[in-house]
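Engineer: Features from Swiss-Prot:
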type	residues	note
MOTIF	13-23	motif ''HIGH' region'
BINDING	C144, C147, C156, C160	Zn(2+) binding site
MOTIF	327-331	motif ''KMSKS' region'
BINDING	K330	ATP binding site
DOMAIN	566-664	domain 'tRNA-binding'
Amino acid sequence: MNSRPLLVTCGLPYTNGPCHLGHLRTYVPADFYVRFMRRKGEEVVFICGSDNHGTPIVVSAEKEGTTPRQISERYHTHFSDTFTKMQVHFDHFGMTDDPTTHARTKHLVSRLIDRGYVYPKVIQQAYCIHCQKFLPDRYLEGICPHCKKPARGDECDQGCGKHLEPGEILEPTCKICGNRAEYREQEHFFFKLSGFQDWLREYLGELKGTDNAINYALGWVNEDLHDWCITRTLEWGVKFPGHDDLVVYVWVDAPIGYIGFTEEWAEKTGRDWKTYWCGENTRVTHFIGQDITYHHCVFWPAMLHGAGYGTPYAVVASGMLKIDDHKFSKSRGYVVWTNEDYLDQGLPADYLRYYLLSYTSHTKEMNFSWQLFQERINNEVVNNLGNFIYRSLHLSQKQFGGVPEGVVEQEIFDRITEAIGQVTGLVEAYDFKGAVDAILALSAWGNTYIQSKEPWKLAKTDQAAMAQVMRNCLQLAKALTLLIEPVMPERAGLIWSQLGQDSLIANNGFSAGLEPLSPGPLPAPSIVFSKIDDKMTQELDKRLRDRIDALDAEKKPKTPEISIEEFAKVEMKTGKILSAEQVPKSTKLLKLQVSIGDEVRQIVSGIAQFHNPEELVGKDVVVCTNLKPAKIFGIESNGMILAAGDNASLLRPETPVPSGTKIR
């Protein structure tokens, strides 16, 4: 066991919208890791909070006619409540807009200034003449200078993903009014990131965590690092020391929130926050989405090192999320909202936790679909784990009233010991899928064991042999319950009670899985894992499809409306086709002679692929008669035959009417 204090953090949820599955890809694995490390005896502090500053929140507040603080408080409460429902339990969940983080930010930035790592510089800043204001970050959109894709003011979100400094974006456009912005000079402050290049290269060589985070950061550090503008022209945020007209950039105060939240936790628990953030023996592990790797592996450690703080021990970055094999997109409807689409539908938090941890490697892109979700839960959780645990409890309770007398065989203890060691090694290597697979492998072995021993037959022939089998199975069930608790804590707690355990399962280490159950009665077991039926899956999938279709329909260009007076200008009459022939050298056009009562019109129509000329003669049609004459393939056309659909179905009167009758 490592004696260095362990502090685990999660990337801060931004208080500008509700929780979705993309968020949980970070928070559930972090909670799993914390629970697991505590089960193996480590003392762990689990810290997080909400990110409250930056232009998107200001823009949203302006649209709603409220304040950034009110929006932040609303979504802070939302995330806190959602995490509780998802069994993600932080020791402290703070707000970056609270006084502690404001004070810690000013202190850390002041130390960087005092040590010569921050300097002023006049730069080109986007300015909207119409709105008469400078446009930081998300107030601005334009074209990425690197990949030429559409981009936000501070990030190329639709292309290369690079961070953009003020003044870099091409074709700057104000998001408030939509007018083109211009660049004007303004003084801002820069952090000397370029001065940390050699140190960062050495630091990243020692950083623990996942390879996707470390390798991505090394790719940046091995290029030329540019100094980083750390101020913005905003009223909302942490004031830059000595300049009340500027605030620090949100990616400065957001990670400093980790320290501020630790201070708040330490104050209420009587601990010393410096134990976790100062000195060389700190062990801070950040769980993040891979889209914010640059900030956590380059900007953040350089700031900490420059200010004299300890640096992160490990960075664990999750892969991105796809919905139904489509890129995650809120604007296109490819999103699953944690509350609205999942928890509010009565689905267990534990099932979603299992899927997020077991579907694929933590660092790889994850695909979510309701069909896949149903298959994984029913086949792996219910048919494997649930089946073994319920059969073990049911047969033991039915035949012996509980745990039978006897001694667990050594083979069972060996299997449990091996599984605990294997799972522990995988978790410590941040291979969460591998760890869950190893737990399910022990359960699968248990199913094979009970099937091969056939205790239901032994009940009639050899009670002592059956007692031995069930004693072994119950010990496996106990160990499995302890191992699966970090994955599915709520269900594990229910099984723990059915195993006759009075203690909280969270207060037991994995070694308890090797402690024999006391012989004696057990309560009648109940089914803990239920299958997800086809009807529910279809309903959930329909919700997703309806959202996608609705948003897609909104984006389709609408046909411009016209007035009744404009429509009245269009003259349409019934007609009868007198002759029809193919236009030479054309596969699509027919030349028609059409009677419209008092005259015969020559009309060229693109219906040749769907109608034989000889079959058209004598047919009634509807003709637009007041179109200007046009030449098509060199032939004059005086009107238009009306047809519908891809097969050019001809429109005709319901009952015969004289040619030349007006359509009204």
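From the backbone N, Cα and C atoms, a Cβ is placed for every residue, glycine too.
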Engineer: What are the other residues, in sequence order, whose C-beta lies within 8 angstroms of the center of the C-beta atoms of C144, C147, C156, C160 at the Zn(2+) site?
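Structural biologist: Apart from C144, C147, C156, C160, the close residues are P145, H146, K148, K149, A151, Q158, G159, G161, K162.
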Engineer: Near the motif ''KMSKS' region' (327-331), which residues from the same chain, at least 6 beyond its ends, have a CB less than 8 A from one of its CBs?
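Structural biologist: Distant contacts of the motif ''KMSKS' region' (327-331): 17, 20, 22, 320-321, 551.
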Engineer: Long-range same-chain neighbours of C144 (Zn(2+) binding site), Cβ under 8 Å, sequence gap at least 6?
Structural biologist: P150, A151, C156, G159, C160, K162, L164, I169, L170
Engineer: Using DSSP and three states only, what is C160 (Zn(2+) binding site)?
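Structural biologist: Reduced to three states, the DSSP call for C160 (Zn(2+) binding site) is coil.
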Engineer: Just to be sure I understand, if DSSP states are collapsed into helix, strand and coil, how many residues of the motif ''KMSKS' region' (327-331) fall in each?
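Structural biologist: Per-class counts: 0 helix, 2 strand, 3 coil.
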